[in-house]
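Worksheet for the structure shown next.
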Amino acid sequence: MQRHLISAADLSRDDAVLILDTAEEMARVADRPIKKLPTLRGRTVVNLFFEDSTRTRISFEAAEKRLSADVINFSAKGSSVSKGESLKDTAQTLEAMGVDAVVIRHGASGAPYRLATSGWIDAAVINAGDGTHQHPTQALLDAFTMRRRLVGRDAGLGRDLAGKRVTLVGDVLHSRVARSNVDLLHTLGAEVTLVAPPTLIPVGVESWPCEVSYDLDSTLPKCDAVMMLRVQRERMNAAFFPTEREYSRRYGLDGDRMAKLPEHAIVMHPGPMVRGMEITAEVADSDRCTAVEQVANGVSIRMAVLYLLLGGNEPAAAPLRAEEK
Amino acid sequence: MSKILIRGAKVLGGEQQDVLIDGETIAAVGTGLSAEGAEVIEAEGKVLLPGLVDLHTHLREPGREDSETVLTGTRAAASGGYTAVFAMANTFPVADTAGVVEQVWRLGKEHGYCDVQPIGAVTVGLEGRKLAELGAMHESAAGVTVFSDDGKCVDDAVIMRRALEYVKAFGGIVAQHAQEPRLTEGAQMNEGVVSAELGLGGWPAVAEESIIARDVLLAEHVGSRVHICHLSTAGSVEIVRWAKSRGIQVTAEVTPHHLLLTDELVRTYNPVYKVNPPLRTERDVMALREALADGTIDIVATDHAPHPHEDKDCEWAAAAMGMVGLETALSVVQETMVDTGLLDWAGVADRMSAKPAQIGQATGHGRPVSAGEPANLTLVDTAYRGQVDPAGFASRSRNTPYQGRELPGRVTHTWLRGKATLVDGKLT
């Protein structure tokens, strides 16, 4: 494992499978009455959030607390950052207080990379989403969810997603979730197809390890998983598509379209969902939709990442597995 | 003023000759010239060029003296072998009145490291709406002939047309920063494979090419000259080539960094590579080199853009755009054009001295190295190779993309009208 987690593209197949396997162990902790491990006792993790993100921040915080880390939450709003303090000074200030890891969410693509590589700080850096670049823990929790559902909770251990067909639908251009998923799913052996109006596909996508289609209906029958990306309503003001209704008709997932999926296929969404835009309530609330499950899995994945980056060599929840056997 | 004998220099890279400077003028060029009464500079093996002329420099004064001043910028220029620089208008206040251009011009004269020719803004405040008093700037002591809103594009087609027409009255020229603003909203780097991966807003080549295409057609229509700043794409080269073949009066410049660096470097997210127009692809770099060699691109201009450390020591999106260039330009041109066999030293003298002086009407600069000409000269140790160390820069800023990179060539001497501004690599 590397010292930082900046991009899903940095993970080897073995790294990724190790994280997924470790997350399964962590998930078992969640099933116990006392959901806490002593692994990161005495270690301090700061959640440095320059962008509002309640769900990701809470997910990291839950993971950190279950590993017994001391947690500092820092949100840019109302802090010295809003008074013009630079990222460098903010990070150095926090490190001076003795921080072992920085979980950073930032609106500028590459900000976590800069933090990890500029010699500003020594702490481990975990990217919790940067601009339209990467969101690696999201991709990991998505892969975790797919492996559980499509390969099996126990059967999946040690395995990747070879041969699974995954379709990502929506605003790929502005999506760090899409970039991270394309990288990680490719590494794990899945076949990825992006579906979006051409305006929401980046120029340069031809170098990505995936297929691109403009037609959702023709791809659905061939999917094992379809992931709906959030489409912000503001986008239509910049002429990315004409109207919300036209977007929904052409690229939204409703009951009729869901019926075209193979029986076993799942519907995923990283949240927050825009119901009525990319997904109808019928689909969002159906058994096939894993949106809520993804949130739960997010805590396990983030525990695994924190443990592997900070926890050193001691076993995480290994005694537990022995217990269960 | 005393006499100086430059002995055994390869004039424009040719045969070794002696060059005798008497006062402000080149007195003689030949072999075995008498050294009597002259200070002798042993220049055997070095290349002697006419003093370099930069048509595109940001000196930042007035307004951003924390990044550069006329003094530090002209010292950097002398250090890089330049004897004349054209100072861009995007200062604070903007150089859009006779008062501001005269101030910059006067500061250059006082410091004496190189001639400073201010460029006037095309429009008031660089806002693209209302023509600045171009005639007043031309008639001022600064004698402005080049006008540019550089940093911003004169994107309104009517304003651009009027500016092109208006400056004909006094032989002026408009230098366009070609960037279609709507196509580059939120742009952070070249749009392509790398931007798609990095999730940085794309600056598409077409945003430059569409403006160049429009402006060469406007220049043709109204019979004016137009100059294209920092041309950066293979497509732009094709358009300029086509325009020239049609007889349109267009000239174009390329920066040293666009001749060497590509957008692959942005993968480091190090804002030292953030520049406008952005670093492009390998294919563009090769097309630019070829175009500079065949004359489609007329000149090399540095777009020397100093920024204080804090404006680069941050995340990419928050960083300022631009690179310093005066002190590394000749080395980069040697690396990309001379050592590759694309251009000889006479060609370098043409692209970095004669042509820019001609386009900007810098009297006394870019002249042949021959008797009777003003002694504006640059002596280059072309055999030298060394790592770029920004700590040694004369510029107030250090935002060079070449830190630690090994580059060939080193300017050892610069003379401005017979007065040494750089001796053995040290400013006087």
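Our numbering is plain: 1 for the first residue shown, then up by one each step along the chain.
Even glycines carry a Cβ here, placed using N, Cα and C.
TrEMBL does not curate its annotations; it predicts them automatically.
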Additional site residue, B:Asp303, B:Asp311, B:Asp313 [criterion: listed by TrEMBL with B:His56, B:His58, B:Asp150 for Zn(2+) 1]: B:Asp303
Residue from B:His111, B:His177, B:His257 that TrEMBL also lists as binding Zn(2+) 2 with B:Asp150, B:His230: B:His177
Between B:Asp150 (Zn(2+) 1 binding site) and B:His177 (Zn(2+) 2 binding site), the C-alpha gap once rounded to whole angstrom: 5
Spatially closest candidate among B:His56, B:His58, B:His177, B:His230, the listed binding-site residues, to B:His307 (substrate binding site) (Cα to Cα): B:His58
Residue with minimal Cβ packing [other Cβ atoms within 10 Å] among the binding-site residues B:Asn90, B:Asn276: B:Asn276
Which same-chain residues, if any, lie at least 6 apart from B:His58 (Zn(2+) 1 binding site) yet have Cβ under 8 Å of it: B:Glu68, B:Gly73, B:Ala87, B:Met88, B:Asn90, B:Asp303, B:His304, B:Ala305, B:Pro306, B:Gly322
Secondary structure of B:His56 (Zn(2+) 1 binding site) (DSSP, helix/strand/coil): strand
Between B:Leu59 (substrate binding site) and B:His230 (Zn(2+) 2 binding site), the C-alpha gap once rounded to whole angstrom: 17
B:His230 (Zn(2+) 2 binding site): nearby binding-site residues from B:His56, B:Arg60, B:Asn276, Cα cut-off 10 Å: B:His56, B:Asn276
Set of same-chain residues at least 6 away whose C-beta sits under 8 angstroms from B:Arg60 (substrate binding site): B:Ser67, B:Glu68, B:Thr69, B:Gly73, B:Thr91, B:Pro306
